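Let me begin by presenting the structure, written as structure tokens, before commenting on it.
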């Protein structure tokens, strides 16, 4: 009790204790991470100690924690009401406005004054990840199958486009369905052995599958050119008309077709709209299939597989369709990636990519389409925006992720819109007055 | 005739054997959970399976609904439209799909994150899949799927009305109180249009009023839909009140089968429930000795 008198009120004593504990943890972490540094010395590597830096770090943690405790005492946190109907309704209204607004903004973006080559490039990157996130959302968010190897299908799509375009001279539009079909086939191929697995076990196997595809790409040199990758992948053309600064006299190019001056940004804008359309198709597909038997079966499977079986839903087919359709969209995105980059190598399809796509889905709020867009902007666009921070970029990135998870542990927009409402159904049925709806 | 009644089975007053269980045995390694059980369940009748805890009742259900493959035995379902079907040969999910055997679970298994109405629509999955050409028609926005869905919603609404959940149709199933979750599970099973409904302790955790509502619901289902109901239950007011037939299991063996009146008077059943007085047939002095030594043995 003397401590209480020494430091003042009891909550402050508790706070100091808490801060001391945190400082101790920080000290344990900081000694090897900050305190020791390897340096080049004449005889080899030497160790340099930086104890003042350790002291500063520990002091920062102590003071920071103490300030947090004081702040919490002055402004006590409001009780969590994450899933009350009021909040859900507010989010729903927000999303209903945000969705169309985002699409309108995306359509107009290339014509806005600040949209230079750099902004468009970043936007294309973000949209690629939005599409991948929406694709993975089918597998993870709807069907509840934790897939850590999603990048494998992205790679299959990219390599199918690269190989078909380079070897057979097929156009992008001919390759797109091929790439989608091949990726879907690989999705089924992965699906079969993991049918009985769920949760962690499924994650491990899919992780392994993702690595397998990458290792095969590295080692199957005769087909994939190994780690050197495939270069000279045909760039996209405007439905058969190339983007060519100096076309042959009798051939047409994009700028001559429309009678405008050539500019290299025309191709970038075309790529931008291409990925925008592909991503919106993915979104449309997901929104539609959620209201169809297959989509409802996916969600039911996520909720309870045993109950699904007791209702005569074939779990094998349901899981395989989820894997195949999710993989198909990754295949489309992969083809786009290959045609945009013009060069692909196995290095582009590491586990980190799978992790980022999964992070987008989880941060966005599982199953939330708009949440995925926001998460992709934050996770992919964010590091670009803070590029000036240079080596502190990844630190800021990590801090942001921690903040999101503290603020909204279930994802940015974690709520689920029922696929059908009795009230809405009655209204539309009355409006249509279909005979089937009037059965007693 | 009530809406959505099965086409066959109406007007047939003589209850026929819908389900015939012959020599059903289920072994898990050395443990015999169900040992040579044989009984029949009539069409348009309620058959209760009762017995003390661990008697193998749920194991019988799991064999019937395809969650276990029986070690020995034949399970014949005389489907009114498809003829005799051998359940022990069918793959798990085909039993509800083809044979029309629906079930509920001892600890309710709803799709908690989905709405009440969605739970009932998912139960009509197979019908909707056919109507929509495996969802393709729906994807293309054809009217055929819209009509099928409207019909599915109407069936769902019928069962929501029957179990008194219409006002809760757009709630998340997980947010319902326990008693309503139990009723929703029965409604979901009925939406799959079964010919045999298997209920695993439907009255567990219900208060007396809810439990008498349940009795009325089950009698209604039997008389209007004319399907067979198989029931595991501990609540004797439910079992004795509504069963047409009772099968008693104890330690995996079938010890009695018959009408409620017969079963209630059966000494083997009384022994199983109240415990056997092992010493009652012995001469009094031997029993006294046994009682004295029994504590130390």
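Keep in mind that glycine also has a Cβ here, set from the backbone N, Cα and C atoms.
Only residues 6 or more beyond the boundaries of the transmembrane segment (A:20-39), in the same chain, are considered here, and those with a CB under 8 A from a CB of the stretch are 45-51, 53-54, 57-59, 61-62, 65. TrEMBL lists A:20-39 (among others) with the feature transmembrane segment.
The feature transmembrane segment is assigned by TrEMBL to A:51-74 (among others).
Annotation source TrEMBL lists transmembrane segment at A:94-115 (among others).
Look at TrEMBL and you will find A:122-142 (among others) tagged as transmembrane segment. Here the transmembrane segment (A:122-142) has long-range neighbours at 106, 109, 115, 150, 154, 268, 271-272, 275-276, 278-279, 282-283, 286, 289-290, 295, 298-299, 302, 322-323, 325-330, 332-333, 336-337, 340, 356-358, 360-362, 364, 366-369, 372-373, 375-377, 379-381, 384, meaning same-chain residues at least 6 beyond its ends whose C-beta is under 8 angstroms from one of its own.
Per TrEMBL, transmembrane segment is recorded for A:148-166 (among others).
If you look at the transmembrane segment (A:173-195), the same-chain residues 6 or more away from its ends with a CB under 8 A from one of its CBs are 149, 152-154, 156-158, 160-161, 164-165, 202, 205-206, 209, 213, 239, 315-316, 319-320, 323-332, 334-335. The transmembrane segment feature in TrEMBL is assigned to A:173-195 (among others).
The annotation transmembrane segment is assigned in TrEMBL to A:201-220 (among others).
Away from its own ends, the transmembrane segment (A:270-289) comes close to residues 103, 106-107, 109-110, 120, 123-124, 127-128, 130-131, 134-135, 137-138, 142, 236, 238, 243, 254, 295, 325, 329, 332-333, 336, 339-340, 369 of its chain (Cβ-Cβ under 8 Å, at least six residues beyond either end). The feature transmembrane segment is assigned by TrEMBL to A:270-289 (among others).
According to TrEMBL, the feature transmembrane segment maps to A:320-339 (among others).
Summarising the annotation, TrEMBL assigns transmembrane segment to A:351-380 (among others).
The transmembrane segment annotation in TrEMBL covers A:392-408 (among others).
Contact check: the transmembrane segment (A:148-166) against the transmembrane segment (A:351-380) gives at least three Cβ pairs closer than 8 Å, residues 6 or more apart, which meets the contact criterion.
Beyond the transmembrane segment (A:94-115), the same-chain residues lying 6 or more positions past its ends with a Cβ under 8 Å from any Cβ of the stretch are 123, 127, 269, 272-273, 276, 280, 368-370, 373, 413.
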